[in-house]
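Each remark here refers to the structure printed beneath this line.
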Amino acid sequence: MASSSSSSSRNWSYHVFPSFSGEDVRNTFLSHFLKELDRKLIISFKDNEIERSQSLDPELKHGIRNSRIAVVVFSKTYASSSWCLNELLEIVKCKKEFGQLVIPIFYNLDPSHVRKQTGDFGKIFEKTCRNKTVDEKIRWKEALTDVANILGYHIVTWDNEASMIEEIANDILGKMNISPSNDFEDLVGIEDHITKMSSLLHLESEEVRMVGIWGPSGIGKTTISRALFSRLSCQFQSSVFIDKVFISKSMEVYSGANLVDYNMKLHLQRAFLAEIFDKKDIKIHVGAMEKMVKHRKALIVIDDLDDQDVLDALAGQTQWFGSGSRIIVVTENKHFLRANRIDHIYKVCLPSNALALEMFCRSAFKKNSPPDDFLELSSEVALRAGNLPLGLNVLGSNLRGINKGYWIDMLPRLQGLDGKIGKTLRVSYDGLNNRKDEAIFRHIACIFNGEKVSDIKLLLANSNLDVNIGLKNLVDRSLICERFNTLEMHSLLQELGKEIVRTESNQPGEREFLVDLKDICDVLEHNTGTKKVLGITLDIDETDELHIHESSFKGMHNLLFLKIYTKKLDQKKKVRWHLPERFDYLPSRLRLLRFDRYPSKCLPSNFHPENLVKLQMQQSKLEKLWDGVHSLAGLRNMDLRGSRNLKEIPDLSMATNLETLKLSSCSSLVELPSSIQYLNKLNDLDMSYCDHLETIPSGVNLKSLDRLNLSGCSRLKSFLDIPTNISWLDIGQTADIPSNLRLQNLDELILCERVQLRTPLMTMLSPTLTRLTFSNNPSFVEVPSSIQNLYQLEHLEIMNCRNLVTLPTGINLDSLISLDLSHCSQLKTFPDISTNISDLNLSYTAIEEVPLSIEKLSLLCYLDMNGCSNLLCVSPNISKLKHLERADFSDCVELTEASWNGSSSEMVKLLPADNFSTVKLNFINCFKLDLTALIQNQTFFMQLILTGEEVPSYFTHRTSGDSISLPHISVCQSFFSFRGCTVIDVDSFSTISVSFDIEVCCRFIDRFGNHFDSTDFPGYFITTKLGGHLVVFDCYFPFNEEFTTFLDGQFNYDHVDIQFRLTNDNSQLKLKGCGILLSEDVPSLDNRPCSPNILPGVCEDSALERRSFRTKMRMMRMRLLKKLLNR
C-alpha cells in the first residue's frame, strides 16, 4: 500500500467520489449529502446519471482514481448492481495502490450483512452473482468484506440524518486536512456569502477561472475574500493574497518610478513567485513567470486593487496557471472587471435588517442579540448606520461597555461620519480621478438621492458633466445603485458627499450646495448667498418657521436646483413663512423648482421659467403660476397636486416636450386651457378630484397619452377623445362615459359610482386587460360570462355592487390571482371562476357556506369573510390549503361550524424552518361557535383571535394580571414551549382599526439564582371591534449555548417567570389577563418531538432561533421607522 505522503502529494481533481445505488438513495440521502458537501466547498464527483452498463464507464473510473476519498453508501439494493460492485473493486484497488481513503455508510442496513453477505443483502448479492464467473464473485466478496470492515457510519445509531451528514462532512474535511480556519466562523452572514460564491467558483471544474467580488467601500468585500482564502487555500498547491500592503512592500526596495517601468513589473512578479513557491530568493527573467506557474494549481486573491498594471503583471492571462486555478479580483469598480473579461461576478449587497442588527450586537455586546433594555437603541443605531458592515462594526466597538445614558446622548451625533468610516469611504470618492464624476457624486448626495434616473439626466443635461458616462462610472464603483429607475446612494456615502461640500468654505453662502437647516435659514434670512451656490435642499418638516429675505436669491443667480419639500404631505403641519410682499425674484437659470406648500398666490413677477425642466409645487396656495406665454421647451414635468386655490393653468402652447401633468385635487380649477392640444408628448395626465372641472377643450386628441385619471371629476360635461392605445384609465365618479369608447391596449381600468355604461361593458375592454375595478354601482346585477375573454386578467375588484347576485360558472380565468367582491350584499354563492386565486375578499356578502370545493383554491393565501352574517359553516377542506396564511371570519354571527382538522400539518414537515409561518384565524363575534372546542382543536401552526372576557379553563395556568410564575418543570428537549392566551380589552370609539403586537418575555432562573431572559413575538394582530378579545398563540424558546452557560450547563431551572406585554403605546388597549398551557398538555402535540412553532427533527437548528429573532427585529424596526418618520 502506498504511503500517506504519496497520497497527499497527488493533485486530486475531486475530494469525494460517492458510490451508491441510485434506486435507494439518489433522491433522498444522497441529495442531502451532496448539498452539504457543496456548502462546505468539498468537491465531489457527480455522475449526472450516466447511463449504466455492465462494464465500468471510463468517466467513472477517472472519477474514482482522481478522488481523494471514496464514500461508499451501502443500501439494500447496492449488491443488485454489478455496476456498483465493479465501482467497489476499483475503489479497493485505489485504496491499495495509492492510499485512497474510504468511508463506508450503512444506510438502513446491518454492517455485518454486508461484511458476511448475509440476510436480504446476501440474497440480493447471490442473485447478482448468477451467470458470473467464480473469480468475479470472489473478488466482489473480498471487496465487500474489505470495505465493510472499515469503521464507518451506521444510520440507525443516529437520531437523524442531518446530524450524521454534517458529521461525515466534517470528518471528510479533517481527513483532507482542509478544515477551515476558525478566524472567520463567528462572522455574521459569512457562510451565506461563501455558499453563493461557491457556485461562481465552480471548484470541481478543471478550467482556470477568474471571479470578481464587487461592492462599495465598507460593505465587507475584503472580509469575504479573506474568509474564502482561509477556507480554500489548503485545497490548492499554492495560494497568495495580494493587497495594497503586498504591493507597497514589493515596492519598498525598488527606486523605480511606477509599474509601467519594466523592472518594476519584474520585481513585483518576483515577490509574487516568492509567495507561490515559499522561497525568498527567486530570480526571474522575461516570460519566466508564466512558465513557472503553468503547472501549478493556484489560488490568487487580488484585493481592493483596480490597477490594470498590477493585474497584467500578476494574472495577465489565465493560461499562465495550472488547471483548476482560481483568481479572485476584489474591487469597487465593475467596469474594471468587465474590461478584463471577468464575467463571473459576485455583487456584495447590504445585509438584511436582522443580520445588520446581529452584526452590530456582535461588535457592541459580543453576542448575537442586545439586552432587552438596549433593543430599541441598538435597532436605531443600526438603522442610522444604514446597515453598512463597516459602520456597524465601528459604531458597535465605540459604544461597547458604555452606559445607556451615553448611548442616548450619542444618537444625534451618529448622523455624521466617524473618522475611520469617513476615511474608508473617502478613498472611494478620491478613486474617481475625474472631476466630472466627482461633481455628479456631490450633486446626487446633496440634491438627487432617491430621484428618478430619467429626471436626473434631464436636469443635468447641458451641464458639461457627461452625465450618462458619469452615472455609469458611479454605478460601476458601487457609489450609487439603480432600482426601478430610481437612483439610490447609501446614507453614509450621502453624508460623505455633504461633508465634502461643507469643507469648501466656512461661509455657507460660498458653497456649491446648501444642505443643512441652520445654514439654509442663515443664508435665506440674511441674504448671504453667492453665485457659487448651485443647489438648495430643505425639508420643511425640520423647521417651524422660515424667514426669506426679499433679495435672498438675487445673489444666487447661478442657482439651478431649489428643493423645498416635505415627505409628509398627508400631515397638515403648519410652517410660519416670512415671505415679504416685495419678494419678486427667483433665478432664471432654475432647472428644478420644487416648493411644496408655497405660501404665495403666484410666482415672482420677474421669474422667467424658460430653463425649467421640473416644476413641483404640491399643496401650494397658488392661484396662478404666471401671466403670458413663455418658452417652456425644456419643461418635462409639472406637478401642482393639492393646490386647491389654483384657478387657472398658464398657456402651455410652447411646452411641447411636457410629459407629465398632475393636477389632482386642484378643486378650484374649472377648465383646461385650449393650449393643451399642443402637448403632443404628454404621457400622464392626472386630474382626479378636480371636482369643479366642467370642460375639456373639444377636439383635443393627445396621441401620446398613456395614463389618464379623471376620477372624481363629477361635474365634467365634456370628454376629451381618449386615445385607443391608452394603457391605464380611471374614470370613476365621472358624470358620463362616451359611447364610442374603445380601448384596444388598455391594461387597467377603474370604474365606480355614477358611471353609466352606454354600451355593454365587455365591448369596451381589451382582452389584454390585467386589472378591472368596478365598484359602488347599484345597477350592476351580473358579471357577463364573456369575462372569460379577458384571459390576462389578474385582479378583479367588484366592490359594493349591492344588487350583484351571481357570478358566471363553468369558466376559469387562469391568470386571476386576486378577487374582491366585498360588500356585494346579495351575492350568495361562493365564487368559482379561477383556481389560481391567492387573495379572496368576500367580506359582507350573503354567502352561506365555504364549500368542499374550497380545496381547489390550492394557492389561496388570504381569505376575508368578515361580516358574512349568513355564513353557517366552513368546510374542513379549508385545512388542506397549504399556502393559507390568514382567514378572517369575524362578525359571522350565524357561524356554528368551523372544523380545522389539522391534516395540513403533514405539509409542515416539508417546510424549511425559515419559511415556516402560522395561519392566523379571526373568529371575533362568532357567538354561536364553540370557541373552547376551536381552541382545543387548534393545530400547532395557527393563531386565533376571538371574542372573550376571561381566559378559558382549557389553559391550566391562568391569572388576571400580565404574568405567570411556574415552578420547576422537567424538560427533555432543548426548548421551552407553550400555548398562550391573553385577554385584550379594546376601548375605542374610532372606526379606524387598532393593531397591536404581543411580546412574551421569559425569565429562566436556576437553583443558584442565575437567570436568563428570552423574548418571543408570537404575532401581529389587528381588530376594529370594541370590548374583550382572546388572543391565542404558540410560543417557542430555544435553549441555546448562551442559555446553558447561564443555567449550569443543563436544561434545569428552579422556576420560570412569564410576562405578556403589549408593545404598542396605545391607551385604547389594556391587557386584562393571561394563561398558558404547556406543550406536552396540548393534544395536537402529543406525538410532536418539537415545539408548537418548530418543525419535527430540527428542534436544535439555529435557523429557528434566527427566525424568532428576525421576527422580533422586524417588528421593532417597523415601530422604530414609524417613530423616526413622525419626528
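Heads up, the Cβ atoms here are built off N, Cα and C, so glycines get one too.
Here's what Swiss-Prot has on this protein:
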- Glu87: active site (ACT_SITE)
- 12-176: domain 'TIR' (DOMAIN)
- Met1: N-acetylmethionine (MOD_RES)
- 197-221: repeat 'LRR 1' (REPEAT)
- 540-563: repeat 'LRR 2' (REPEAT)
- 587-609: repeat 'LRR 3' (REPEAT)
- 610-632: repeat 'LRR 4' (REPEAT)
- 633-656: repeat 'LRR 5' (REPEAT)
- 658-679: repeat 'LRR 6' (REPEAT)
- 680-704: repeat 'LRR 7' (REPEAT)
- 766-790: repeat 'LRR 8' (REPEAT)
- 791-813: repeat 'LRR 9' (REPEAT)
- 814-834: repeat 'LRR 10' (REPEAT)
- 835-857: repeat 'LRR 11' (REPEAT)
Number of helical, extended and coil residues in the repeat 'LRR 6' (658-679), per DSSP:
5 helix, 4 strand, 13 coil
For the repeat 'LRR 8' (766-790), sequence-distant contacts whose Cβ falls under 8 Å of one of its Cβ atoms, 6 or more beyond its ends:
732, 743-753, 755, 760, 796-808, 810-813, 815, 833
Which residues, given as numbers and ranges, are at least 6 beyond the ends of the repeat 'LRR 9' (791-813) yet have a Cβ under 8 Å from it?
767-785, 819-829, 831-835
Count the other Cβ atoms sitting within 10 Å of the Cβ of Glu87 (active site), across every protein chain shown.
26
Helix, strand or coil: which one is Glu87 (active site) in, per DSSP?
helix
Apart from its near flanks, which chain residues at least 6 from the ends of the repeat 'LRR 7' (680-704) lie with a Cβ under 8 angstroms of it?
641, 656-674, 710-721, 723, 730
Which value does the mean pLDDT take for the repeat 'LRR 2' (540-563) in this predicted structure?
90
For a three-state summary based on DSSP, what are the helix, strand and coil counts in the repeat 'LRR 4' (610-632)?
2 helix, 3 strand, 18 coil
Per DSSP, how many helix, strand and coil residues does the repeat 'LRR 3' (587-609) have?
1 helix, 4 strand, 18 coil
